[in-house]
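Asks: These came from TrEMBL, pasted as-is:
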- 164-198: coiled coil (COILED)
- 205-375: domain 'Hflx-type G' (DOMAIN)
- 211-218, 244-248, 266-269, 332-335, 353-355: GTP binding site (BINDING)
- Ser218, Thr246: Mg(2+) binding site (BINDING)
Amino acid sequence: METNEIMEKEVQRAVLVGFNNTSKIENIEIESSMDELEELAKTAGAEVLARIIQNKASIDAKYYIGKGKVEEIKQFSLDNDANVVIFNDELSGSQIRNLEEAIGIDVIDRTALILDIFAQRAQSKEGKLQVELAQLKYRLPRLTGLGNQLSRLGSGIGTRGPGEKKLETDRRHILRRIDDIKEQLDDVKKNRETQRSQRIKSELPIVALVGYTNAGKSTLMNSLLNMSVSNDEKKYVYAEDKLFATLDVSLRKISLEDKFEFLLTDTVGFVSKLPHGLVNAFKATLEEVKYADLLLHIIDASNSDYKLQKETTKTVLKELGINDKKIVDVYNKIDKMEDIISLNLDEKSLCVSAKNGTNLDKLLELVRTELGVETIKTNLTIPYDKGNVLSQLHKDAIVISTEYAEQGIVCEVQIDKDIHYKYKEFEKK
Ligand SMILES: Nc1nc2c(ncn2[C@@H]2O[C@H](COP(=O)(O)OP(=O)(O)OP(=O)(O)O)[C@@H](O)[C@H]2O)c(=O)[nH]1
Ligand SMILES: [Mg+2]
């Protein structure tokens, strides 16, 4: 109830503004980019009234867009009772101030919007600290520009810190707070390193789920947890039809019936033009990905912009310095698609439905192969007088089941390809 009331008060009527640089051959289509901005704006709780796009060969230093467009936005805002303008690019402090003065309502850029969503989503102490740090670093050089935003007393997009806290507005306080947060993050990091070294000792391979926001990473994690045979209580992760549903990295052990085990980590989703400060802030969290043995790149194949989203993820991974990892493309949500021919997949890629469980067995097989654990399942019949073979078999392979038959003990085993030859003679002809 209470959160709904807060949300209601904060519904902002937004005009989205995009800049289409006609001098560049853009690889990101402006319409796709605006679609994404609209999703982000809605996620932050705004109502989108219109999109206005400026086609221009160069950026205006004062307003970012041309004066004529500024007038158009002003008129539209007056006629339609808009109260916020959201730009698709990052603006400087003085551009924000000039625009706010000219248009007469709040102006926010894409970075502030994304940071705002992250601030609302952060759950863990570390996540909250990272987001606040990114927000303060964004604010610092813009303090003189954020005229309207500062006077809004912490309501509305761009002014909210993690947990509905109002962001600092005083330069000296901001600087002090930044130092304070960095110190706290250092402590968290030390803690994480201890945990990691314990994990490395456990020698289980690590598989990381990466991909665009809303692709279905967390849903896949939950489905794989469901296939896991561990007796521990299954700790499901939060999955929702929302951008940035996941902000905290979580790690779960997946144990399969044949004793194949690995650690699976779910990560924060990506989006194009992810603010740099934020990427930096999340580097520590995403370090988990750096230690992974295999990345599963989850792609929402049912999304018409899946190609752009796929490229975005690859770009962000590069920015994070992660480009030397084994990576497998996993096309998700195929239950929503009529055919998958249009996807034009290479042989290493796989189509799945995290929701319905389609092809998840194949996915696990692929994980096994990519991790270099090539095993085969076979039936062996060990004569009763070869007790030593049976005890050796228990060391070499995973014995799934045993049955006492006339000719001997029939064992269903999962065995590494490399040592399979040792037991050839016990296989049924
Ligand atoms: N139809 C269908 N929907 C799916 C499938 N997988 C996930 N979804 C839906 O897609 C939405 C997003 O799923 P999440 O698992 O939260 O996505 P995510 O990649 O973890 O997203 P972020 O945490 O925001 O990065 C949810 O509404 C899921 O129910 C699928 O295979 N088929
Ligand atoms: Mg998620």
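Quick reminder: no glycine exception, Cβ is built from N, Cα and C everywhere.
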Asks: Under 6 Å from ligand 2 by Cβ, which binding-site residues from Gly211, Ser218, Ala245, Asp248, Val268, Ser353?
Replies: Ser218, Ala245
Asks: In angstrom units, rounded to an integer, how far apart are the Cα atoms of Ser218 (Mg(2+) binding site) and Ala245 (GTP binding site)?
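Replies: Spelling it out, the Cα of Ser218 (Mg(2+) binding site) and the Cα of Ala245 (GTP binding site) are 9 Å apart.
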Asks: Can you go through the binding-site residues Asn214, Asp248, Ser353 and pick out those with a C-beta less than 6 angstroms from ligand 1?
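Replies: The qualifying binding-site residues are Asn214, Ser353.
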Asks: For the binding-site residues Ala245, Val268, which one has its C-beta crowded by the most other C-beta atoms within 10 angstroms?
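Replies: For the binding-site residues Ala245, Val268, the Cβ with the most other Cβ atoms within 10 Å is Val268.
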Asks: Under a three-state reading of DSSP, tell me whether Gly211 (GTP binding site) is helix, strand or coil.
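Replies: DSSP assigns Gly211 (GTP binding site) to strand.
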Asks: In angstrom units, rounded to an integer, how far apart are the Cα atoms of Lys217 (GTP binding site) and Thr246 (Mg(2+) binding site)?
Replies: 9
Asks: Roughly how many Å lie between the Cα atoms of Asn214 (GTP binding site) and Thr246 (Mg(2+) binding site), rounded to a whole value?
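Replies: Spelling it out, the Cα of Asn214 (GTP binding site) and the Cα of Thr246 (Mg(2+) binding site) are 9 Å apart.
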Asks: Look at the binding-site residues Asn214, Lys217, Thr246, Lys333, Ser353 and tell me which residue has the greatest number of other C-beta atoms within 10 angstroms of its C-beta.
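Replies: Counting every other Cβ within 10 Å of each candidate, the maximum falls on Lys217.
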